[in-house]
């Protein structure tokens, strides 16, 4: 009798879908001050880990992140590896994540991705990314930087990789200018990613609406 009860419990556990694993990343834009808010948006729905670049740390407050979110920096890439055979952090994070969301995406990191550069933890993850899994970017930069011809070329490169753009919005920017280039609000980024994920899951299960 006890064994039958345990078997039923095991079946219930096995049929419970796990939460999506979302890797959130911030690069060096003043919009990184909203990164803690972004993490909070995702934590109830998904299992979240965070990666930040060195320059983003000038803007974001580590204490603003939810306690359950593990934060990784460039230093962790090297401190976690001592010898051949040890886990490589950017590979482990790429394997762990179901979805990667870069918000904010700075002009500098945009250029690095488009050029295939991998000189920090975040860009190494992107270079090693499995593009059968979704990757979203939410750019944030000055209006003139956003309108620069290089930006258009870089965005085309991202589109060819299958990266999904969450476009910036028009508002008063941190520099005082008014125009396009502000990062989309964290709530919009969250809803965009969740809607995409749930629509993909719906298609895979053969559901119809």
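Cβ atoms are placed via backbone N, Cα and C, with glycine included.
Noted in Swiss-Prot for the protein shown:
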type	residues	note
BINDING	28, 29, 30, 53, 54, 55, 106, 107, 108, 109, 140	FMN binding site
ACT_SITE	90	active site, proton donor
BINDING	142, 172, 174, 183	N-[(R)-4-phosphopantothenoyl]-L-cysteine binding site
ACT_SITE	175	active site, proton donor
SITE	175	site 'Important for catalytic activity'
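Sequence features, as recorded in Swiss-Prot, placed on the structure.
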{"residue": "28", "record": "FMN binding site", "Cβ neighbours (10 Å)": "22"}
{"residue": "90", "record": "active site, proton donor", "Cβ neighbours (10 Å)": "22"}
{"residue": "106", "record": "FMN binding site", "Cβ neighbours (10 Å)": "24"}
{"residue": "108", "record": "FMN binding site", "Cβ neighbours (10 Å)": "16"}
{"residue": "140", "record": "FMN binding site", "Cβ neighbours (10 Å)": "28"}
{"residue": "142", "record": "N-[(R)-4-phosphopantothenoyl]-L-cysteine binding site", "Cβ neighbours (10 Å)": "19"}
{"residue": "172", "record": "N-[(R)-4-phosphopantothenoyl]-L-cysteine binding site", "Cβ neighbours (10 Å)": "10"}
{"residue": "174", "record": "N-[(R)-4-phosphopantothenoyl]-L-cysteine binding site", "Cβ neighbours (10 Å)": "14"}
{"residue": "175", "record": "active site, proton donor", "Cβ neighbours (10 Å)": "11"}
{"residue": "183", "record": "N-[(R)-4-phosphopantothenoyl]-L-cysteine binding site", "Cβ neighbours (10 Å)": "27"}
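Listed in chain order, the extra residues whose Cβ falls within 8 Å of the Cβ center of the N-[(R)-4-phosphopantothenoyl]-L-cysteine site residues 142, 172, 174, 183 are 30, 31, 140, 141, 171, 173, 175, 177, 181, 182. You'll find the Cα of residue 183 (N-[(R)-4-phosphopantothenoyl]-L-cysteine binding site) roughly 5 Å from the Cα of residue 140 (FMN binding site). Around residue 54 (FMN binding site), the same-chain residues at least 6 positions away in sequence with a Cβ under 8 Å from its Cβ are 28, 73, 74, 120.
Contacts of residue 30 (FMN binding site) defined by a Cβ separation under 8 A and a same-chain sequence distance of 6+ are given as 59, 140, 174, in order along the sequence. For the pair residue 106 (FMN binding site) and residue 142 (N-[(R)-4-phosphopantothenoyl]-L-cysteine binding site), the Cα-Cα distance reads 10 Å. Nearest to residue 108 (FMN binding site) in space, judged by Cα atoms and limited to the recorded positions 90, 142, 172, 175, is 142. In this structure, the C-alpha atom of residue 90 (active site, proton donor) lies 29 angstrom from that of residue 142 (N-[(R)-4-phosphopantothenoyl]-L-cysteine binding site).
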